[in-house]
Amino acid sequence: MSSNDRPTGQPTATYESAFMKACRREAVPHTPVWFMRQAGRSLPEYRKVREGIPMLESCMRPELVAEITMQPVRRHNVDAAIYFSDIVVPLKAIGVDLDIKPGVGPVVEKPIRSRADLAQLRDLTPEDVAYVTEAIGLLTAELGETPLIGFAGAPFTLASYLVEGGPSRNHEHTKALMYGDPQLWAELLDRLAEITAAFLKVQIEAGASAVQLFDSWVGALAPADYRRSVMPASTKVFEAVKSYGVPRIHFGVGTGELLGLLGEAGADVVGVDWRVPLDEAARRVGPGKALQGNLDPAVLFSTTEAVETKTQEILDAAAGLEGHIFNLGHGVLPSTDPDALTRLTEYVHTRTAR
Ligand SMILES: Cc1c2[nH]c(c1CCC(=O)O)Cc1[nH]c(c(CCC(=O)O)c1C)Cc1[nH]c(c(CCC(=O)O)c1C)Cc1[nH]c(c(C)c1CCC(=O)O)C2
């Protein structure tokens, strides 16, 4: 991507921010920082505004979405905001009967296990998620030059919730379908790719500066199975939004053996969990991609000195990278001390100031 390719509508200051530059592998004034799940239960101000409002309902109220998205930006001085929502929101929007149960996660009323069940998945139109367009309009006005990251769940991770009916440790029903009926599996993933692509387009057209595709649970697969049964659908999503010219980030947990393929699927930035050091991750991903990561979120429960030691190791491993966005290796854990996140942001900014 060259600077001539600036997507129309995006303010110059946003386009030139540290986060956007790092995504494009350009020189940065400091290493940009944001945290997966930076909005949420670690913040008392979040718990206050969410009181009595179910999770999915809160995702459909534009003013509330904008407020929750802004909270970590105000508090931590992070370099990007992530749109407050959940990966199952587009599925809910097309009428899939599901809910997010507190402390559990997404639960689907009628799991998808047969061809007839696919009928639950109709196309997503911008009108289905008008509240997303409205909330992003509020946010871009308030964010100024801070970029907004839109996101969606990747086809495999969405399929895992839809086929299992809820969170799963072993993904047994998902794998049973994937290996037992490859044709139906491919159709399911292709439907989800269409829905996901449509949902990301809504966010980009409303003003999101970058997008992240969360394939959180794809680390459960071996590389050959990923390449055969998942990569075509993820590639389709990335291809569908390529022409917008916004950075595309791809992330999953436990994906050490898949890092090269996650990049190959079409990402500009590959997210790395804490199990692979960033210099080794760069070798696995190959040239031409930025990396995002990768402090173990549990380290934040340790002393400030330990957090700084582990963070400095990451910054040292990232020193030779083409582009680095500092993040955790997975989402902020709900009982994290928010001050630890503020201190961590400050530490990375100070240590990498150029
Ligand atoms: C797998 C996944 C889900 N949702 C998401 C993923 C991919 C990211 C990842 O791997 O963590 C994505 C997601 N969900 C949420 C965000 C908010 C944006 C941000 O990162 O700040 C994002 C990016 C809000 C949320 N999504 C959810 C919450 C908690 C609900 C609450 O606050 O009441 C939040 C803030 C619910 C949810 N939704 C899901 C889970 C596992 C849970 C947690 C269940 C629980 O512990 O209660 C599914």
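Each Cβ is built from the backbone N, Cα and C atoms, and glycine gets one as well.
What TrEMBL lists as domain 'Uroporphyrinogen decarboxylase (URO-D)' is 32-41 (among others). Residues 17-19, 21-22, 47, 68-69, 71-72, 76, 78-82, 84, 149, 251, 325-328, 330-332, 334-335, 341, 344-345, 348-349 of the same chain lie 6+ residues outside the domain 'Uroporphyrinogen decarboxylase (URO-D)' (32-41) yet bring a C-beta within less than 8 angstroms of a C-beta in it.
If you look up TrEMBL, you'll see Arg37, Gln38, Ala39, Gly40, Arg41, Asp86, Tyr161, Ser216, His330 marked as substrate binding site. The 10 Å shell around the Cβ of Arg37 (substrate binding site) contains 17 further Cβ atoms across the protein chains shown.
DSSP assigns Asp86 (site 'Transition state stabilizer') to coil in the three-state reduction, outside any helix or strand. Summarising the annotation, TrEMBL assigns site 'Transition state stabilizer' to Asp86.
Here TrEMBL flags 149-165 (among others) as domain 'Uroporphyrinogen decarboxylase (URO-D)'. Long-range contacts of the domain 'Uroporphyrinogen decarboxylase (URO-D)' (149-165) within the same chain: residues 34, 80-83, 85, 87-88, 90-91, 96, 98, 105-108, 111-113, 136, 171-174, 177, 185, 188-190, 192-193, 196, 199-200, 203-204, 208-218, 221, 230, 233-234, 237, 249-250, 252, each at least 6 residues beyond the stretch ends and with a Cβ under 8 Å from a Cβ of the stretch.
For the pair Asp86 (site 'Transition state stabilizer') and Arg37 (substrate binding site), the Cα-Cα distance reads 10 Å. Looking at the residues that bind substrate per the record, Arg37, Gln38, Ala39, Gly40, Arg41, Asp86, Tyr161, Ser216, His330, the two CA atoms farthest apart are separated by 23 Å.
Note: Tyr161 (substrate binding site) has non-local neighbours Ile87, Val88, Leu98, Gly105, Pro106, Val108, Gly153, Pro167, i.e. same-chain residues 6+ apart with C-beta under 8 A of its own C-beta. When the binding-site residues Arg41, His330 are scored by other C-beta atoms within 10 Å, His330 scores highest.
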